[in-house]
Amino acid sequence: SALRLVGGQSRCEGRVELEQLGTWGTVCDDSWDLADGDVVCRQLRCGRAVRVHGSAAFGRGNGTILRDEVACEGHEEHLWDCPAELEHDCSHKEDAGVVCSEHQEWRLSGGQDGCAGRVEVFFRGLWNTVCDSSWYQLEPKVLCHSLGCGEPLQHLSFDHTLPGKMLYLCESPQPSLAHCQWTFNKSAPCYQSRAAGVVCNGRGH
(Lines of atoms letter the chains of each structure in order from A and count residues from 1; the text may use other names and numbers.)
(Lines give C-alpha, C1' and ligand atoms only; values in the text may rest on other atoms or scores of the structure.)
Protein backbone atom coordinates (compact mmCIF):
# COMPACT_ATOMS: atom_id res chain seq x y z
CA SER A 1 0.00 0.00 0.00
CA ALA A 2 1.02 3.62 -0.49
CA LEU A 3 -0.34 7.04 0.46
CA ARG A 4 -0.19 10.49 -1.12
CA LEU A 5 -1.76 13.96 -1.01
CA VAL A 6 -3.02 15.36 -4.32
CA GLY A 7 -4.24 18.76 -5.49
CA GLY A 8 -2.43 20.92 -2.94
CA GLN A 9 0.39 23.47 -3.28
CA SER A 10 2.95 21.06 -1.84
CA ARG A 11 3.32 17.37 -1.09
CA CYS A 12 2.15 18.10 2.47
CA GLU A 13 -1.42 19.17 1.70
CA GLY A 14 -4.16 17.81 -0.49
CA ARG A 15 -6.76 15.15 -1.08
CA VAL A 16 -5.92 11.90 0.68
CA GLU A 17 -5.30 9.04 -1.74
CA LEU A 18 -4.43 5.42 -0.96
CA GLU A 19 -3.05 2.83 -3.30
CA GLN A 20 -4.52 -0.62 -3.12
CA LEU A 21 -3.70 -3.45 -5.53
CA GLY A 22 -2.05 -1.03 -7.94
CA THR A 23 -4.88 1.52 -8.20
CA TRP A 24 -5.35 4.79 -6.33
CA GLY A 25 -8.54 5.68 -4.50
CA THR A 26 -9.87 8.24 -2.03
CA VAL A 27 -11.22 8.47 1.51
CA CYS A 28 -14.74 9.63 2.41
CA ASP A 29 -15.05 12.61 4.79
CA ASP A 30 -17.59 11.00 7.17
CA SER A 31 -16.10 11.39 10.70
CA TRP A 32 -12.79 12.59 9.16
CA ASP A 33 -10.98 14.53 11.91
CA LEU A 34 -7.58 15.77 13.14
CA ALA A 35 -6.57 12.40 14.61
CA ASP A 36 -7.01 10.83 11.15
CA GLY A 37 -5.11 13.73 9.58
CA ASP A 38 -2.26 13.34 12.09
CA VAL A 39 -1.69 9.75 10.99
CA VAL A 40 -1.59 10.80 7.32
CA CYS A 41 0.82 13.68 7.99
CA ARG A 42 3.15 11.63 10.14
CA GLN A 43 3.17 8.75 7.65
CA LEU A 44 4.20 11.21 4.89
CA ARG A 45 6.82 12.87 7.16
CA CYS A 46 4.83 16.10 6.95
CA GLY A 47 4.55 16.81 10.67
CA ARG A 48 1.07 16.92 12.18
CA ALA A 49 -2.33 17.94 10.84
CA VAL A 50 -3.14 21.65 11.18
CA ARG A 51 -6.45 21.51 9.26
CA VAL A 52 -8.66 18.75 7.91
CA HIS A 53 -11.08 19.23 5.04
CA GLY A 54 -14.06 17.39 3.64
CA SER A 55 -16.34 18.09 0.69
CA ALA A 56 -13.57 17.60 -1.90
CA ALA A 57 -11.81 20.83 -0.87
CA PHE A 58 -8.82 19.82 -3.03
CA GLY A 59 -10.93 18.66 -5.96
CA ARG A 60 -12.73 15.39 -6.61
CA GLY A 61 -10.68 12.25 -7.02
CA ASN A 62 -11.17 9.36 -9.39
CA GLY A 63 -11.24 5.67 -8.80
CA THR A 64 -12.66 3.78 -5.88
CA ILE A 65 -13.56 5.26 -2.52
CA LEU A 66 -11.48 2.94 -0.35
CA ARG A 67 -12.32 4.03 3.21
CA ASP A 68 -15.28 5.53 5.06
CA GLU A 69 -15.83 6.39 8.75
CA VAL A 70 -12.07 6.36 9.39
CA ALA A 71 -11.50 6.28 13.16
CA CYS A 72 -7.79 6.69 13.91
CA GLU A 73 -6.76 7.37 17.48
CA GLY A 74 -3.80 9.37 16.16
CA HIS A 75 -0.85 7.14 17.11
CA GLU A 76 -1.19 4.59 14.28
CA GLU A 77 1.78 4.17 11.97
CA HIS A 78 -0.25 3.94 8.74
CA LEU A 79 -3.69 5.15 7.72
CA TRP A 80 -4.64 1.57 6.82
CA ASP A 81 -3.96 0.51 10.44
CA CYS A 82 -6.95 2.60 11.57
CA PRO A 83 -10.45 1.17 11.99
CA ALA A 84 -12.63 2.09 8.99
CA GLU A 85 -15.60 0.93 6.96
CA LEU A 86 -14.72 -0.52 3.57
CA GLU A 87 -18.36 -0.30 2.42
CA HIS A 88 -19.55 3.26 1.89
CA ASP A 89 -22.44 5.40 0.70
CA CYS A 90 -20.23 8.29 -0.44
CA SER A 91 -19.45 10.04 -3.71
CA HIS A 92 -16.26 11.89 -4.71
CA LYS A 93 -17.82 15.19 -3.62
CA GLU A 94 -17.08 13.93 -0.09
CA ASP A 95 -13.35 13.28 -0.63
CA ALA A 96 -11.28 13.97 2.50
CA GLY A 97 -8.20 16.20 2.61
CA VAL A 98 -5.63 17.50 5.05
CA VAL A 99 -3.11 20.34 5.48
CA CYS A 100 -0.01 19.23 7.41
CA SER A 101 2.28 21.42 9.49
CA GLU A 102 5.24 21.02 7.11
CA HIS A 103 3.21 22.49 4.25
CA GLN A 104 4.19 26.04 3.29
CA GLU A 105 1.94 28.58 1.65
CA TRP A 106 2.71 32.21 0.83
CA ARG A 107 0.98 35.54 0.53
CA LEU A 108 1.98 39.15 -0.07
CA SER A 109 0.27 41.34 2.48
CA GLY A 110 -0.29 45.06 2.78
CA GLY A 111 -0.08 45.86 -0.95
CA GLN A 112 -2.68 47.01 -3.45
CA ASP A 113 -3.51 43.45 -4.44
CA GLY A 114 -2.17 39.93 -3.83
CA CYS A 115 0.90 40.65 -6.01
CA ALA A 116 2.69 43.23 -3.84
CA GLY A 117 3.59 43.55 -0.18
CA ARG A 118 5.42 41.88 2.66
CA VAL A 119 6.21 38.21 2.08
CA GLU A 120 4.46 36.00 4.65
CA VAL A 121 4.66 32.21 4.87
CA PHE A 122 2.18 29.94 6.64
CA PHE A 123 4.22 27.16 8.26
CA ARG A 124 3.65 24.92 11.28
CA GLY A 125 0.27 26.49 11.88
CA LEU A 126 1.36 30.17 11.94
CA TRP A 127 2.03 33.05 9.56
CA ASN A 128 5.71 34.11 9.61
CA THR A 129 7.93 36.65 7.86
CA VAL A 130 10.90 35.99 5.54
CA CYS A 131 14.42 37.31 6.22
CA ASP A 132 15.89 39.48 3.47
CA SER A 133 19.46 38.27 4.24
CA SER A 134 19.31 36.02 1.17
CA TRP A 135 16.47 37.66 -0.76
CA TYR A 136 18.39 38.15 -4.02
CA GLN A 137 17.21 37.70 -7.66
CA LEU A 138 15.96 34.13 -7.76
CA GLU A 139 13.97 34.04 -4.52
CA PRO A 140 11.49 36.83 -5.42
CA LYS A 141 11.30 35.44 -8.97
CA VAL A 142 10.29 31.99 -7.68
CA LEU A 143 7.72 33.56 -5.35
CA CYS A 144 6.12 35.86 -7.95
CA HIS A 145 5.86 32.92 -10.39
CA SER A 146 4.37 30.56 -7.80
CA LEU A 147 1.70 33.13 -6.88
CA GLY A 148 0.79 33.62 -10.55
CA CYS A 149 1.99 37.22 -10.28
CA GLY A 150 4.52 37.40 -13.13
CA GLU A 151 8.01 38.83 -12.53
CA PRO A 152 9.45 40.83 -9.62
CA LEU A 153 9.63 44.59 -10.24
CA GLN A 154 11.12 45.82 -6.97
CA HIS A 155 12.20 44.70 -3.53
CA LEU A 156 10.62 46.14 -0.39
CA SER A 157 11.67 45.97 3.27
CA PHE A 158 9.43 45.73 6.32
CA ASP A 159 9.75 45.00 10.02
CA HIS A 160 9.49 41.47 11.39
CA THR A 161 6.28 41.52 13.45
CA LEU A 162 5.13 37.87 13.20
CA PRO A 163 6.15 34.95 15.46
CA GLY A 164 8.69 33.22 13.23
CA LYS A 165 11.30 33.90 10.55
CA MET A 166 11.98 31.85 7.44
CA LEU A 167 15.07 32.09 5.27
CA TYR A 168 15.14 30.84 1.66
CA LEU A 169 18.08 30.29 -0.65
CA CYS A 170 17.34 29.23 -4.23
CA GLU A 171 20.22 28.07 -6.42
CA SER A 172 18.08 27.44 -9.50
CA PRO A 173 14.51 28.19 -10.63
CA GLN A 174 12.03 26.06 -8.65
CA PRO A 175 8.23 25.59 -8.70
CA SER A 176 7.97 27.12 -5.22
CA LEU A 177 10.14 28.41 -2.38
CA ALA A 178 9.56 25.15 -0.48
CA HIS A 179 11.71 23.43 -3.13
CA CYS A 180 14.66 25.77 -2.39
CA GLN A 181 16.90 25.44 0.67
CA TRP A 182 15.20 26.87 3.73
CA THR A 183 15.73 27.27 7.44
CA PHE A 184 13.15 28.24 10.03
CA ASN A 185 13.87 30.25 13.18
CA LYS A 186 17.66 29.98 12.96
CA SER A 187 18.66 33.33 14.41
CA ALA A 188 22.23 33.62 13.06
CA PRO A 189 21.43 33.87 9.32
CA CYS A 190 18.53 36.23 10.05
CA TYR A 191 20.47 38.44 12.47
CA GLN A 192 19.93 42.13 11.62
CA SER A 193 17.69 41.15 8.69
CA ARG A 194 14.52 42.94 7.73
CA ALA A 195 11.35 41.28 6.50
CA ALA A 196 11.43 40.76 2.74
CA GLY A 197 8.80 42.25 0.47
CA VAL A 198 8.30 42.39 -3.27
CA VAL A 199 6.24 44.07 -5.96
CA CYS A 200 5.50 41.66 -8.82
CA ASN A 201 4.40 42.97 -12.22
CA GLY A 202 1.22 40.85 -12.39
CA ARG A 203 -2.21 41.61 -10.96
CA GLY A 204 -3.65 39.78 -7.99
CA HIS A 205 -7.04 38.10 -8.12
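Note that Cβ sites are derived from N, Cα and C of the backbone, with glycine treated the same way.
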As recorded in TrEMBL, which of C170, C190 forms the disulphide with C180: C170
Partner cysteine of C82 (disulphide bond, per TrEMBL) from C72, C100: C72
Spatial separation of C180 (disulfide bond) from C82 (disulfide bond) - C-alpha basis, Å: 35
C-alpha spacing of C180 (disulfide bond) relative to C72 (disulfide bond), in angstrom: 34
Cβ neighbours within the same chain of C170 (disulfide bond) - under 8 Å, at least six residues apart: L138, E139, V142, L177, C180, Q181
